[in-house]
């Protein structure tokens, strides 16, 4: 018996890419194809924006309308952040619409009926959201009831409680301070002639931040001998994103300035984007959704993670509830109806997989924006409600069909 | 017309960017058992998919003649229609349906008015079960049967379709020796009845004992078809064809150098999670540093259950007994605690329990020890990539980058990812449950080499395996487990397959 037995051939791919690693390996084509799913969503988004810009003769891109889209759909986007995390972990939450209504109602009762300061209403709403989330988390994580059932029950339960809290009537109006959350603007802080310089400044800071963090990531990857895109391509990407952001800021600056709610939304997207990609918690969410048993046998505390996923969803539902009640300037028993479906649709259009384990916060945002731009554009064109619903339904279906088609082509499904 | 029931000529099948099969020729004689061998990824499964119509006519080049007629299949229905039935490695049975319902699924026996005639179906199913030698009631749900019996149900299902050519993909991979022997016996019976059989297998000893002829495939091409009655036909010639080189030893040599005791399990008893019986009964064992210790046992002996219950109580209830790692008692109630205490367990079913198949190599490797790569909950992604890259090189994981999706790797490479993941937790003792199941010969050798390196570095390794030659080849000592009890402890120098088998079957009546 000797040691001459099969020696794995010195694999050729071992030596080759190592040399090519930190030269600019990815051109635009590989960048696009590397993640066709994601880039597909962006391309679709741009196409839809362009389509409605043409169909509405440019109205859809006007300063006022862009501001309106932000104000009108921000709460759906906030919900979509929480929802995509729930979906990545392989669950679903059908209750968020009811929770939006309940948190808004609690806040309205305290602020409008009891005359308490605005921040009491906000804190109470957040507290209610956390309690609701913990309730769902308890049943899903520790009792082991499927989230579909738990949150279906929650949908009925919290809608009922909303009616109770409001005594079946609408409450209105909120104090001006409370209205600022959703309808306020940061405007005129730095002056400007016919536009708001502050908004442009914030836009510029955002672009600079994007460029710097992108550059630092790039440097770190080079240090660790990871492949990076070529430098001209990196610059092109930063310039492109910068141009879009600045154009967006320019339009906002020419309308009413920087909406408060956009600041809230941007902060949430940034924070949750990082949480999902860079933290242990985020990793464990993907691990649970990807393969529950494997996650368990890798030492992931599945129950704890599931519990906090739902607590987080409750919290974000409360944030959405505050924004929505502020925007509608009151609380109605039927508030938030069907919001869950918009949030779920946003996550799936944005590339989340029905089976769990796949999805991104940014994707869900783009998915939500696709729905928003479509609804808004069709409203501008005066398209009938019924047709709007049909179109939205078809877009959701096609988005998921595209996803499945891609996966098959990718050869994941043998 | 002629002796050959099946002829496949010049089969070429390409996937985007890959040539899976190139000018493959296969002739199968009427009434023979024809084995197909090849490393994972050699193209065996693709060839069978072409034959059974999973890859329809037109998606490949070449021609197929069956029973003297050229055939064109556009789906699996067409191939079943002419009498070709394929039984996949992953069985396609519905666990909640009864045996009879499964046998006639998609092929229901209907009586008047198109309604299913259950009396007829159950009676017919009973007859088929008798034919395959399965003593079970036809109305028993399939989920209550073990894998071996489920395999027989699949064969009964094939017989119900008037099968002429039966294709079995790794039929004995998940079976214990008794069930394997029964299955092979059944194949001989079917052969006597004139049913032709193609069998894909990695178990060369089985092939040698049962096949009339063997075709070897390597890198999508036919290497040769050998008549097993030829004097030089046998395992060595098959392996030479499969790997394209001589294999002088299945198992790399190793100096045995056992040091101090690393793992000690004392009087370990585990109850079945739902049924009222002990699955592991007072088991005690030790593993020392630099030592590979095997656990041999038949299916159902409690091997996996023993390992999983030690690994953070992942299995069973009413667990009693004590576990020591390096002399310190470990009371791990969760997997995380077990990992923290230096225990690692690589599961027997890597696809279901070991890997996140939709994620990349990098994140699979870090999954069990993210704490080592993070500070206050923040993961250092660059460090993670570096670690993964090191593992990829050290383990020779064949993938372009560590960003490759694990689900697309071959079985051997997937197993290397699993090993990388557990090595990164820096364990004192590594429990490997069926570490080479479904892996080709070359990759097996690599896995053994990795195990040797581990013990050379002072780790302790506990190996659970159904393949006795494997245990004899890599272990220093072997424990035998029967009905949850340790029935023997044999130094490998004194061990023989027969001796181990006797211990593995001993005491069954007493304990049962």
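A Cβ is built for glycine as well, from the same backbone N, Cα and C atoms used for every other residue.
No curator has checked TrEMBL annotations; they are predicted automatically.
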Tell me which range among A:10-27, A:118-135 TrEMBL lists as transmembrane segment. A:118-135
Scan A:176-194, A:195-213 against TrEMBL and say which stretch is down as transmembrane segment. A:195-213
Do you know which of A:285-304, A:305-324 TrEMBL annotates as transmembrane segment? A:305-324
Near the transmembrane segment (A:70-89), which residues from the same chain, at least 6 beyond its ends, have a CB less than 8 A from one of its CBs? 96, 100, 147, 182-183, 252, 259, 261-262, 264-265, 268-269, 272, 276, 285-286, 288-289, 305-306, 309-310, 312-313, 315-317, 319-321, 323-324, 327, 339-340, 342-344, 346-348, 350, 352-353, 356-361, 363-365, 367-369, 371-372, 375-376
Suppose I define contact as three or more CB-CB distances under 8 A, residues 6 or more apart in sequence; do the transmembrane segment (A:305-324) and the transmembrane segment (A:258-275) meet it? yes
Compare A:39-58, A:118-135, A:195-213 by their Cβ pairs under 8 Å to the transmembrane segment (A:344-374) and return the stretch that comes out on top. A:39-58
The answer for the transmembrane segment (A:234-252), taking Cβ pairs under 8 Å and residues 6+ beyond its ends, is 61-63, 66-67, 70, 195-196, 199-200, 202-204, 206-207, 210-211, 214-215, 218, 228, 258-259, 262
Quickly jot the same-chain residues contacting the transmembrane segment (A:94-112) by Cβ under 8 Å, restricted to those at least six beyond its ends, or write none. 75, 79, 82-83, 118, 120-122, 124-126, 128-129, 132, 136, 148, 151-152, 154-159, 161-162, 165-166, 171-175, 178, 313-314, 317-318, 320-322, 324-325, 330-341, 343
